[in-house]
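Please read the structure below before turning to the comments.
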Amino acid sequence: MKTRSYTKWLFVLPAVIVVAALFIYPIFSSLFFSMTSKNLIRPRYSFLGLKNYKDILSDPKFWAAFLNSLKWTVYSLLGQILVGFTAALALNRVKLFKGMYKTLLIIPWAFPSIVIAFSWTWILNGVYGILPNLLVKWKIYETAPQFLTEKNLAFIVLVLINIWFGAPMIMVNVLSALQTVPQDQYEAAKIDGASALQSFQHITIPHIKLVMGLLVVLRTVWIFNNFDLIYLITGGGPAGSTQTVPLYAYEMGWGTKLLGKSSAVTVLLFIFLMSVCIIYFTIMNCWEREENK
Amino acid sequence: MRKKYFASLISHIYLLLLCFFAVFPLLWIIISSIKGKGELTGNPTAFLPKVVTLEYYRHVIFDLGFIVNIRNSVIISLATTGIAITISALAAYGIVRFFPKIGTVLSKVLVTTYIFPPILLAIPYSIVMAKLGLTNTRIGLVLVYLSFSIPYAVWLLVGFFKTVPIGIEEAAKIDGANKIQVFMQVVVPLVAPGIVATAIYTFINVWNEFLYSLILINDTSKMTVAVALRSLNGSEILDWGDMMAASTLVVVPSIIFFCLIQNKIAGGLSEGAVK
């Protein structure tokens, strides 16, 4: 009897140990260093208490980055859902070429962030890029637009690139959720004289609500934490107009070498995301309870 | 009837439009990478190349030593995938068979690991790796990569292991097989396609990773493809042809693998997560 419960634990133990070592240790380590003057290069550091946090919370640059992060997340998320959702609905409707469409549409998902950055900076390049040159050729612009170095444009372009990258993931998951909706319910609704919009509202939405909810949580966190895309495409510029919290933290830790302060930024980021997730999950639990009624 | 026809026509037009946007960057980097010298800057709006040449590829792979970075990435990705899948398969099976209660909250555990900002983890990782003398080593990077590989792999695999009927295992047990034997000889072969798909997905994610590689590796000979590409951009002579050739070399394997497993991974979220 004893050996039995022993092997049972052996299965999950390696994963538990690795995940604990790679997640629980770092969070405590970060909490500790966030209260010190830890430097990337110098070995000595001293204890500062909450000074790092006070400094950051009174830094206007931090708040600018936080606002950028919020905008970046909300716009990207809404765009990804809009494109991904409509694409899934369209795919669910067509029969001809469905497989081909799906394969072509998921291609952006497989792109490494560095190649996303290279391909789009090449397409949008202010001197040799195909898009600015075409726009001039077609007489839409007089001089080549500087998509990535002009303050107002850069942020929008980044969000659009992020939508391009993230929509396929939403599409694929919504599509497979749509396929779990029992078809006979639609037939029944039709017989009862329900319009397409009504059956969408009362049959489709309730069936895919939970999957959508989870998708939104995962995407929110992922987009908020995203570092690569912005770092590689604009580096936070021009003039800090695309700097988000992860870039601010990186700049502090590896630019000005203040690892302690950088840790404090990341801890604040973590606390914020945790609060957002708790709210999301509370809402989703309510949905689940409603469904089980 | 006519209304239905119209709706499907609109769907086709919309999907074609989206396909164009989805595919264009890939098409454009490939086309740019095979154009002749001077064409890229000489005539930016020409779509097709006048001369087709693989000169940029030769230059990137041999003269700039990109082949070393490809080798690094292959080694690191294979090692991470091997370790992550072994650990995750055991854990996923353990959860499905012995701890089904954890299975129901697993999506929340996964989201919890997602909340940890990579930039938060990067700081302690770099401190610990420096202490262990693992900065600038492949081993260090493999260890760090397990942080995002294992949670996601466990989650995907739980979905696959759930499909194995317990009856088959009971039969094997009656024949005198112990738990490990049942797992290795009965269960693993049954979910092999799922395990392979998860392994490929893990491989792609590691192959594509950027931030940790940027922070932990600064020796050119140890760099992964993603960071080596980045340094290509930072080098003195910015040659778009080289950059496009190198990008193609990095992105094409990812896309091919991804298309192979798309149907296996696609349902993952809706099947594994909510139930």
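Keep in mind that glycine also has a Cβ here, set from the backbone N, Cα and C atoms.
No curator has checked TrEMBL annotations; they are predicted automatically.
When Cβ-Cβ distances below 8 Å are used as the criterion, the transmembrane segment (B:12-31) is approached by residues 47-49, 244, 247-248, 251, 255 of the same chain, each at least six residues removed from its ends. Marked as transmembrane segment by TrEMBL: B:12-31 (among others).
According to TrEMBL, the domain 'ABC transmembrane type-1' annotation covers B:70-261.
Here TrEMBL flags B:74-96 (among others) as transmembrane segment. Packing against the transmembrane segment (B:74-96) from elsewhere in the chain are residues 102-103, 106, 138, 141-142, 145-146, 149-150, 153-154, 157-158, 160-162, 164, 183, 187-188, 195, 198-199, 202-203, 206-207, 224: each is 6 or more residues past its ends and has a CB under 8 Å from a CB in it.
The transmembrane segment annotation in TrEMBL covers B:108-127 (among others). For the transmembrane segment (B:108-127), the residues of the chain that approach it from at least six positions outside its boundaries are 102, 135, 144, 147-148, 151-152, 155, 211-212, 215-216, judged by C-beta separation under 8 angstroms.
The transmembrane segment annotation in TrEMBL covers B:139-161 (among others).
The transmembrane segment annotation in TrEMBL covers B:182-204 (among others). Here the transmembrane segment (B:182-204) has long-range neighbours at 77-78, 80-81, 84-85, 88-90, 93, 149, 152-153, 156-157, 159-161, 163-164, 168-169, 172-173, 254, 257-258, 260-261, 264-265, meaning same-chain residues at least 6 beyond its ends whose C-beta is under 8 angstroms from one of its own.
Through the fold, the transmembrane segment (B:243-261) approaches residues 26, 29-30, 32-33, 56-57, 59-61, 66, 70, 196-197, 200-201, 203-204, 207-208, 225-226, 228-229, 232-233 of its own chain, all at least 6 residues removed from its boundaries and within a Cβ separation under 8 Å. Per TrEMBL, transmembrane segment is recorded for B:243-261 (among others).
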